[in-house]
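Right, I'll just put the structure down here and ask away after.
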Amino acid sequence: KPQLVASNDRFCRFLEEYCPVVTETYYPTIWCWEGRVQTLLRPFITSRPQVQYRNELIKTPDGGQISLDWFDNNDSSYYPDASTRPTVLLLPGLTGTSKESYILHMIHQSETLGYRCVVFNNRGIAGEELLTPRTYCAANTEDLEAVIHHVHNLHPSAPFMAAGVSMGGMLLLNYLGKTGRDTPLMAAAIFSAGWNVFESIESLEKPLNWLLFNYYLTTCLQSSISRHRQMLEKLFDMDLVMKARTIREFDKQFTSVMFGYRSVDDYYEDASPCLKLKSVGIPVLCLNSVDDVFSPAHAIPVEAAKQNANVALVLTSCGGHIGFLEGIWPRKCTYMDRVFKQFVQAVFEHGNKIFSM
């Protein structure tokens with residue numbers, strides 16, 4: 001059974017009644033129970049539901065642009081009135097976009113419930129051009145704030161919540177830690193967030209983890225900026241950035257410089273959500289596996305979560321990073337998908353039970 005960490009008895013009872021999956025025994029796929037195996041295999045095993053998006057480019061105050069992919073769900077029989085149709089904002093991981101299988105599954109789950117989704121693609125990675133020499137990071141929440149207010153202003157009468165995966169979850173937590181209760185979001189769901197960036201990076205630099213994950217992700221980061229080289233060369237030594245062999249080296253030469261940090265350590269401290277958890281002012285459910293090499297078990301802020309009545313942690317013993325595969329042949333729904341579906345439905349349809357906490 002997962003470990004449910006929450007100081008608020010009312011929040012616990014709410015989850016047990018309306019999101020019972022968090023109290024059920026999770027049976028990982030028996031032939032890939034180890035965390036790294038789950039992490040590696042999920043993108044290849046899970047299906048990719050067909051989703052038709054409507055793209056929208058919005059301008060930012062600094063002259064840049066952000067690509068949003070909308071799934072309007074206009075055929076929703078539960079919520080035929082678009083003005084009041086519940087909306088879920090989805091934040092993918094480090095180099096992820098609206099095309100990731102875990103995002104497609106979240107949209108599929110939302111579609112069955114009648115909800116609308118919008119995917120926040122970080123600058124420059126969803127095919128759109130960079131208009132300014134700026135991309136994104138886990139600590140700077142300006143673009144997320146702009147997107148949240150844009151979506152809320154379009155549908156001010158619609159119930160609104162967000163879900164973030166991996167770095168998307170870190171960004172969402174950092175935003176919530178900054179805004180407290182001053183947000184249009186009713187609640188949030190966080191999956192496989194890296195709570196302490198120093199511990200995450202140290203784990204990913206161990207030889208096997210570097211070979212399996214770190215080097216590959218570094219090349220993905222380099223690939224995501226290489227097509228914008230002409231724009232970025234105005235501010236960066238791109239030859240040096242392209243020589244990075246770890247995420248830390250990439251962040252030292254590129255990310256921390258772009259966002260004005262004195263050092264990569266200063267950036268990592270600012271990007272670590274564990275330091276902001278005490279300030280979260282809306283109900284948040286966070287799912288992590290304790291065998292996730294991206295977020296080591298000892299770095300999960302269990303004690304800090306117990307100090308904030310708005311926070312609930314669900315910790316599984318297996319599942320890896322965005323894995324949570326279950327069943328003999330885990331093509332479709334994962335444990336993570338079921339947590340997402342039940343929690344989103346609980347918030348939108350029974351949320352009044354926790355908002356008076």
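Just so it is clear, glycine is given a Cβ too, placed from its N, Cα and C backbone atoms.
According to TrEMBL, the record shows the following:
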DOMAIN    86-327  domain 'AB hydrolase-1'
ACT_SITE  Ser166  active site, charge relay system
ACT_SITE  Asp292  active site, charge relay system
ACT_SITE  His321  active site, charge relay system
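How buried are the listed features, and what sits near them?
Less than 8 angstroms from the CB of Ser166 (active site, charge relay system) sit Pro92, Gly93, Leu94, Gly96, Phe191, Ser192, Ala193, Gly194, Phe294, His321, Ile322, each of them six or more residues away in the same chain.
Taking Cβ-Cβ distances under 8 Å and a sequence separation of 6 or more, the neighbours of Asp292 (active site, charge relay system) in its chain are Gly35, Thr39, Ser192, Gly319, Gly320, His321.
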